[in-house]
Amino acid sequence: MTRIISGEAQQGEQIPGASDRALRPQTLAEFVGQEQAKANLRIFIEAAKGRGEALDHVLLFGPPGLGKTTLAQIVARELGVNFRATSGPVLNKAGDLAAILTNLEANDVLFIDEIHRLPSTVEEILYPAMEDHVLDLVIGEGPSARSIRIDLAPFTLVAATTRAGMLATPLRDRFGIPIRLEFYTPKELQHVLLGAARKMGAPLNEDGAAEIAARARGTPRVAGRLLRRVRDFASADGASVIDRKAAGMALARLEVDELGLDSLDRRYLRALIENYGGGPAGVETLAYAIAEARDAVEDVIEPYLMQQGFIQRTPRGRMACGKAYLHLGLTEPVSAPKAVQGGLFGED
């Protein structure tokens with residue numbers, strides 16, 4: 001399911017081109033937002049450099065699109081060491097990871113994205129590598145099999161995940177520096193957008209940036225994606241500046257409303273309210289009603305709607321809150337629950 005307001009990386013975004021790399025911050029000072037995380041990282045990095053040691057292993061976790069990969073690259077750059085990147089899904093065999101680990105130089109940074117998708121057989125050889133800087137491998141099969149131990153150079157594993165709860169406890173406990181990345185405030189996203197627009201040569205003013213930021217779901221990746229499409233519309237319309245009006249018109253054509261909901265979000269809410277009286281309705285029923293897979297409904301559509309107080313998940317099923325009726329311009333029944341908004345910019 002491809003949505004312009006999805007925080008997940010889309011095709012072509014996983015491997016950024018030269019122009020995309022130019023838009024990314026290169027240092028902690030340039031990185032906007034995540035102030036507490038940056039302050040702590042700066043201290044840990046300086047301490048490790050002062051001792052001439054590898055930085056302790058870092059786990060970056062939180063919703064997609066908040067800059068985990070960029071932050072991992074910055075860590076390596078601030079340490080002045082090499083950066084190697086891979087991801088959990090591509091490390092199918094223990095040998096795949098062993099080949100990478102044995103080629104690391106002292107204090108290098110290895111980045112593993114989506115570490116929650118690492119196969120258990122690969123994960124097991126990571127434990128001694130992280131803790132003791134050794135690699136324990138079994139060579140051969142059956143009675144002739146033998147184990148060998150390979151010493152590794154000290155290194156820093158920086159891992160990223162959107163599902164920290166799926167990590168095995170032994171793996172999670174080996175990260176000395178766990179860092180949760182939070183959603184961005186509209187002001188922070190406005191800053192990100194203005195900086196990106198300058199590098200892109202897009203004529204975006206502060207009001208235009210504020211309009212895009214308000215609809216970007218607290219996610220820099222979404223903000224950047226919206227900026228590119230708004231720039232396209234502005235260019236096609238011959239606009240000399242992307243102000244609030246130009247940005248609003250472009251976003252309306254993209255069907256992203258003032259609260260960051262797209263047509264799929266609104267279709268879900270309408271199905272819940274108009275087909276099932278506002279609920280409770282089961283997720284399977286709702287998925288069938290909007291012709292989407294259950295996993296897509298649970299993982300892609302519902303999280304933001306719950307965070308923003310549009311729906312509640314109850315033991316009996318999903319229920320529409322008063323905010324959903326108001327947003328769709330429908331009459332709110334007395335029985336509609338008043339959800340406590342989880343807060344996009346707080347704990348989710």
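Every residue gets a Cβ built from N, Cα and C, even glycine.
Copied over from Swiss-Prot, here are the features:
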REGION    1-184  region 'Large ATPase domain (RuvB-L)'
REGION    1-20  region 'Disordered'
BINDING   Leu23, Arg24, Gly65, Lys68, Thr69, Thr70, Arg174, Tyr184, Arg221  ATP binding site
BINDING   Thr69  Mg(2+) binding site
REGION    185-255  region 'Small ATPAse domain (RuvB-S)'
REGION    258-348  region 'Head domain (RuvB-H)'
BINDING   Arg294, Arg313, Arg318  DNA binding site
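Counting residues of the region 'Small ATPAse domain (RuvB-S)' (185-255) by DSSP class, helix then strand then coil, yields 52 helix, 2 strand, 17 coil.
Cα of Arg174 (ATP binding site) to Cα of Arg318 (DNA binding site): a distance of 38 Å. Broken down with DSSP, the region 'Head domain (RuvB-H)' (258-348) shows 41 helix, 9 strand, 41 coil. Nearest Cα neighbour of Arg318 (DNA binding site) among the listed binding-site residues (Gly65, Thr69, Arg221): Gly65. Within 8 Å of the centroid of the Cβ atoms of Arg294, Arg313, Arg318, where the record puts DNA, the same chain has further Cβ atoms from Ala281, Gly282, Val283, Leu286, Val297, Glu298, Glu302, Gly317.
When pLDDT is averaged over the region 'Large ATPase domain (RuvB-L)' (1-184), the result is 88. You'll find the Cα of Arg221 (ATP binding site) roughly 25 Å from the Cα of Arg294 (DNA binding site). In the three-state DSSP scheme, Thr69 (ATP binding site) falls into the helix class. In the three-state DSSP reading, Arg174 (ATP binding site) counts as coil. Applying an 8 A CB threshold to same-chain residues 6+ apart, the list for Arg313 (DNA binding site) reads Glu302, Met306.
Cβ neighbour counts within 10 Å, taken over all protein chains shown, single out Arg318 as the most crowded of the binding-site residues Arg174, Arg294, Arg318.
Long-range Cβ proximity for Thr69 (ATP binding site), meaning a same-chain Cβ under 8 A and a gap of 6 or more residues, is found for Ala85, Phe111, Asp113, Ala160. Its Cβ placed at the centre, Gly65 (ATP binding site) has 26 other Cβ atoms within 10 Å. All protein chains shown were included, and the count of other CB atoms within 10 Å of the CB of Arg221 (ATP binding site) stands at 21.
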